[in-house]
Amino acid sequence: MFILTVIKLLLIALNIFPSRFTNRRIMFLIYMTNLVTHVMMDEPRFAQPIPNVTVAVGRDANLPCVVEHLGGYKVAWIHIDRQMILTIHRHVISRIPRYSITYTDNTWLLHVNQAHQDDRGYYMCQVNTNPMISQVGYLQVVVPPNILDIESTPSSVAVRENQNINMTCRADGFPSPKIIWRREDGEEIAVEKKKKVLVYDGDVLPLTKVSRNEMGAYLCIATNGVPPSVSKRIILDVEFSPMIWVPNQLVGAPSGTDVTIDCHTEAHPKAIIYWVYNSVMVLPSKKYKTDYTENSYRAHMKLTIRNLQYGDFGNYRCISKNSLGETEGSIRVYEIPLPSTPSKQVTHTTVESRENNIIPSSRNDTTKALQTDVGYAMKNDLYPGSASSSSSGVGASSSAASSSTSMQTSALPGGAAGNSLSSLGTKGSLATGKSTFDADRPPNQYASSVDFSSLSVDV
């Protein structure tokens, strides 16, 4: 009504003063009249912009639209991406029940309950003035990472040693997740021609010429800044045929004493390990005690023979077999003579002297006598028929060892009886498949040495 009144006044003014107004002046007068009318009537306006809102999938989100001087006009919410009218004034138009509207203190609040990924996009708050006024806000729906098992490597995978394998880990989420790999035991990962890294980035982890040392659990971790991060544990099994390491192939001990022999074996899949003597499997009994210690693909075999008798001396075999093959190691247990009583006094003197940091001359005599005993025993064992020529040496040296002495020596280099006694060293035997090989230097965990000068004799 006010606008009509203003127009009537303008028309009357034009009729009264037709010669004083040009067309340009008339248009300017109308524009100013409309501007003043809008100010005087307090037309609707937005008090603040709609904020951009970020919410995790499944959570609730709220979008505010603050309108001042709404008067008799109405507010509507529209999802632009869907081209869908959601609400008009206090009524919900959309058939999606997760949308609702509330009004308090000039604020029209659009509620999006349990937001879905489809709810992501631009939302318009519109007032039905003429011309229409509106403003837009953005709803971001983020999704935490999720590993796709169907597209990823299974939780357990096997590969033959020295072959290549690619382990895959796929994940979805929004934003797109980042994939990293690490070993569960904290060891480095060998990639790109044996370049070693603690953490590897990428969906695919390439491993070339896999060794048994790379066996274990690998973790695939997916992150995208939206908690929680997720991971998958993949166990890599490296398969290889059994391998045996024998620290001492020749073990000497007197009759009536106990002796322990041992073998180390590596195999995967897990091998069946046991001892054989005279073509018969050795079982635990009063005579034999077996001990097996396993750690991953490694195993340590021990066999204790109690109260050695004549029939207990000979070759003992440690055997390891799995689905990929079998191998064995051989240990020869031979008899050394019992020491005589006088040697106890000499040896006892040596022990007491060590405690007092005094090294008497008798220690060297004891060591030489013990070496003579060992040499005589091995000579009898390796060179039959030579005992008579060494009988005098036996009598001279029998006073230098204890009644419970048990001595282990390393294998002869070729394992042949024809080698001289002076060729004894610290070599061990390495057996793979059906063959046995001499190794100049055993693995660190199996390293052993023999020092004749440090042999102790129990009284």
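If you go along the chain as it appears here, the first residue is 1 and each next one adds 1.
The backbone N, Cα and C atoms fix where each Cβ goes, glycine too.
Lifted from TrEMBL, the feature list:
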type	residues	note
COMPBIAS	386-425	compositional bias 'Low complexity'
COMPBIAS	448-459	compositional bias 'Low complexity'
DOMAIN	44-128	domain 'Ig-like'
DOMAIN	145-231	domain 'Ig-like'
DOMAIN	242-332	domain 'Ig-like'
REGION	341-366	region 'Disordered'
REGION	386-459	region 'Disordered'
SIGNAL	1-18	signal peptide
For the domain 'Ig-like' (242-332), what's the model's average pLDDT?
96
Per DSSP, how many helix, strand and coil residues does the domain 'Ig-like' (44-128) have?
3 helix, 45 strand, 37 coil
Residues in the domain 'Ig-like' (242-332) grouped by DSSP into helix, strand and remaining coil:
3 helix, 60 strand, 28 coil
